[in-house]
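Now, the feature entries from Swiss-Prot:
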{"type": "TRANSMEM", "residues": "27-47", "note": "transmembrane segment"}
{"type": "TRANSMEM", "residues": "90-110", "note": "transmembrane segment"}
{"type": "TRANSMEM", "residues": "142-162", "note": "transmembrane segment"}
{"type": "TRANSMEM", "residues": "203-223", "note": "transmembrane segment"}
{"type": "TRANSMEM", "residues": "243-263", "note": "transmembrane segment"}
{"type": "TRANSMEM", "residues": "306-326", "note": "transmembrane segment"}
Amino acid sequence: MQTYGNPDTTYGWWAGNSGVANRSGKFIAAHVAHAGLIVFWAGAFTLFELSRFDPSVPMGQQPLIALPHLATLGIGFDADGVLMGDTKPVLAIAIVHLVSSMVLAAGGLLHSLLLPGNLEESEVAKARKFNIEWDNPDKLTFILGHHLIILGFAVILLVEWARVHGVYDPAIGAVRQVEYDLNLAEIWNHQTDFLLIDDLEDVMGGHAFLAFVLITGGAWHIATKQVGEYTKFKGKGLLSAEAVLSWSLAGIGWMAIIAAFWSASNTTVYPVEFFGEPLELKFSISPYWIDTVDLPDGVYTSRAWLANVHYYFGFFFIQGHLWHALRALGFDFKRVTNAISNIDSATVTLKD
């Protein structure tokens, strides 16, 4: 955390990062508990949506988020968004998420209450390898590598699910198995027109390529270390918890904004049957999307919820990135508030 040269700086309870930034064990506890909250939301919200799901109304015209994603994965619903037979598959997914959230919560409590607050104090040699040193690029790249590999395997799970089980293809109105297409020329070309992609083979091919890049990059970061002397040109003095947080916020903010535009317009990854018709982009104080079909007052399609929520989350994540990036560079925001509060008593002296 930025202290502006004052080693005795204290933070209020609301500055949660201040309590874990330099204590890697507590840092892991916070991350595991946060993951548990996310997984709990997924399970609980699936049950909530299932309890409110109306089979007489098209799924795309209901304010749903979790159920349409399950439908695109070929779980629980037919091509018209109607429950197939019973709710057991959907209930099973929700319960697995709830149980997993309990395991993650227990892991968070374990790291918070019983295990060392700092991994440097751990009796396990492998655990000490993951002790965070913010201005040590070798430590950070080692930890980053493991994150990238885990993300790569998560992407592989999606690709293999589509290949073995199948996903919903709006082109034929049914769930089908999708073999990924590793045509590198196509993947390269879709960098500029990915919002218009209309072929599931290309979608899965892009994900397969992404998995390869993530796992290869992860292995590279684990195996390699800083070449030569660690200088200011390479980031010495810049690497900090605040800087890493700012970069993380920039990444997730950018992804959220891309997801907003993609979910608003693409009907292959976000089928009309499950998410509703494509949206119309409007501008006011900020951009926003509106439904292009007539719906009762206060009712919005899944697509409208997804696009707008992702965009505004992304927008504020980017603001958080700028805030923390400036703090990491040493900018003191208190100077701004002090300048504003003293504006009435400020004097201007003119010199000849």
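Including glycine, each Cβ sits where the backbone N, Cα and C put it.
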Contact call for the transmembrane segment (203-223) and the transmembrane segment (243-263): at least 3 Cβ pairs under 8 Å, seq gap 6+: no
Highest-contact recorded stretch vs the transmembrane segment (90-110), from 27-47, 142-162, 243-263, 306-326, CB pairs under 8 Å: 27-47
Chain residues in Cβ proximity to the transmembrane segment (27-47) (below 8 Å; excluding those fewer than six residues from its ends, i.e. six or more beyond): 16, 20-21, 65-67, 70, 90-91, 93-98, 100-105, 107-112, 119, 130, 132
